[in-house]
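Colleague: Pasting in a structure now, in structure tokens, and then I'll have a few things to ask.
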Amino acid sequence: MSNHIEAKMGDIADTVLMPGDPLRAKYIAETFLENPVCYNKVRNCFGYTGTYKGKRISIQGTGMGIPSISIYTNELINDYGVKTLFRVGTSGGMSPNVHVRDVVLAQAATTDSAIIHNTFGGGIYYAPISDFGLLDTAYHVAQDLKIPVQVGNILAEDRFYNDEMDRQKLIDYGVMATEMESAALFMLAAKYHVRALSVLTISNHLMTGESTTPEEREKSFNDMIKVALDTAVKA
Ligand SMILES: O=P(O)(O)O[C@H]1O[C@H](CO)[C@@H](O)[C@H]1O
Ligand SMILES: O=c1cc[nH]c(=O)[nH]1
């Protein structure tokens with residue numbers, strides 16, 4: 001048991017998919033895993049372990065934002081020995097090159113997070129990046145599955161509602177889409193020498209106004225999940 005997860009040691013696999021929405025964790029476990037067992041209901045941040053194509057995999061909801069995912073990432077790594085972490089989340093499109101329902105592999109996560117800056121202090125602006133091995137495998141898994149993916153820099157921002165961000169400048173510098181967690185996931189994975197990747201689905205587009213329904217955000221986006229699960233099996 002850790003501060004926010006009631007699982008016993010050994011209940012959680014060494015590879016974990018991490019959706020922000022705990023109900024998406026339930027959906028993934030019940031839809032994709034064989035023999036899913038729920039190991040966590042603390043704060044309704046559901047966690048499940050089962051098998052996928054013979055590999056033991058866990059799915060852990062993380063809640064929204066860098067403070068919340070940082071708690072689960074720290075505890076999964078340090079209290080349960082997790083070695084490979086995939087965020088599977090929704091993301092707001094920014095670049096005109098991405099569209100609703102597209103899958104994005106986050107190569108790096110630009111951020112305005114004070115947590116990241118305060119970790120280093122001074123004039124350091126740390127560049128959180130995903131694990132290249134996972135990124136490479138996910139890219140080729142997606143090609144094999146004939147699921148189009150875009151790879152590149154995303155934004156992990158502290159505020160969902162943020163009308164002060166100069167989004168056009170970020171787009172001009174190659175940032176494709178925004179979400180709220182990947183920078184912390186990548187930084188903590190680097191700190192503890194484990195592997196992390198974010199596989200995202202564009203749920204809405206901030207510049208064009210395209211959108212999806214809350215039900216679709218909870219229950220669909222199966223392409224993203226298949227890419228993450230098949231990468232977990234191969235990586
Ligand atoms: O769909 P999830 O994984 O929660 O991710 C995105 O959705 C939430 C905002 O609605 C934030 O957590 C953001 O990163
Ligand atoms: O953080 C997020 C996630 C999805 N869509 C957004 O606009 N922002």
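Backbone N, Cα and C atoms are what each Cβ position is placed from, and that goes for glycine too.
Reproduced below are the annotations present in TrEMBL:
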BINDING   His4, Glu179, Met180, Glu181, Ser203, Asn204  purine D-ribonucleoside binding site
BINDING   Gly20, Arg24, Arg43, Arg87, Val88, Gly89, Thr90  phosphate binding site
DOMAIN    16-224  domain 'Nucleoside phosphorylase'
SITE      Arg217  site 'Important for catalytic activity'
Colleague: If the purine D-ribonucleoside binders are His4, Glu179, Met180, Glu181, Ser203, Asn204 per the record, what's the largest distance between their Cα atoms, in Å?
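Modeller: Across His4, Glu179, Met180, Glu181, Ser203, Asn204, the widest Cα separation comes out at 31 Å.
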Colleague: Sorry to bug you, but what's the C-alpha spacing from Arg43 (phosphate binding site) to Asn204 (purine D-ribonucleoside binding site), rounded to the closest Å?
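Modeller: If we compare the Cα positions of Asn204 (purine D-ribonucleoside binding site) and Arg43 (phosphate binding site), the gap is 27 Å.
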Colleague: Sequence gap of 6 or more, Cβ distance under 8 Å: name the residues on the same chain that satisfy this around Gly20 (phosphate binding site), in order along the sequence.
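Modeller: Once residues fewer than 6 apart are set aside, Gly20 (phosphate binding site) is near Gly61, Thr62, Gly63, Met64, Ser68, Ile69, Arg87, Gly89, Thr90, Met180, Glu181.
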Colleague: Which residues does Val88 (phosphate binding site) neighbour through Cβ under 8 Å, counting only same-chain ones at least six apart?
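Modeller: Those within reach of Val88 (phosphate binding site), by Cβ under 8 Å and sequence separation of 6 or more, are Leu17, Met18, Pro19, Arg24, Ile28, Ser198, Val199, Leu200, Phe221, Met224, Ile225, Ala228.
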Colleague: Which one of the recorded positions (His4, Arg24, Arg87, Arg217) has its C-beta surrounded by the most other C-beta atoms within 10 angstroms?
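Modeller: Answer by Cβ density within 10 Å: Arg87.
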Colleague: Which binding-site residues from the set His4, Arg43, Glu179, Ser203 come within 10 angstroms of Arg217 (site 'Important for catalytic activity'), judged by C-alpha positions?
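Modeller: Those close enough are Ser203.
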Colleague: Of Gly20, Arg24, Arg43, Gly89, Asn204, listed as binding-site residues, which ones have a Cβ less than 6 Å away from ligand 2?
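Modeller: Near the molecule: Asn204.
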Colleague: Taking each of the binding-site residues Glu179, Glu181 in turn and counting other Cβ atoms within 10 Å of its Cβ, which one has the fewest?
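Modeller: Among the binding-site residues Glu179, Glu181, the sparsest Cβ neighbourhood within 10 Å belongs to Glu179.
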Colleague: List those of the binding-site residues Val88, Gly89, Thr90, Glu179 whose Cβ lies under 6 Å from any atom of ligand 1, in sequence order, or write none if there are none.
Modeller: Gly89, Thr90, Glu179
Colleague: When you rank His4, Glu179, Ser203 by Cα distance to Arg43 (phosphate binding site), which of the binding-site residues ends up on top as the closest?
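Modeller: Its closest listed neighbour, by Cα, is His4.
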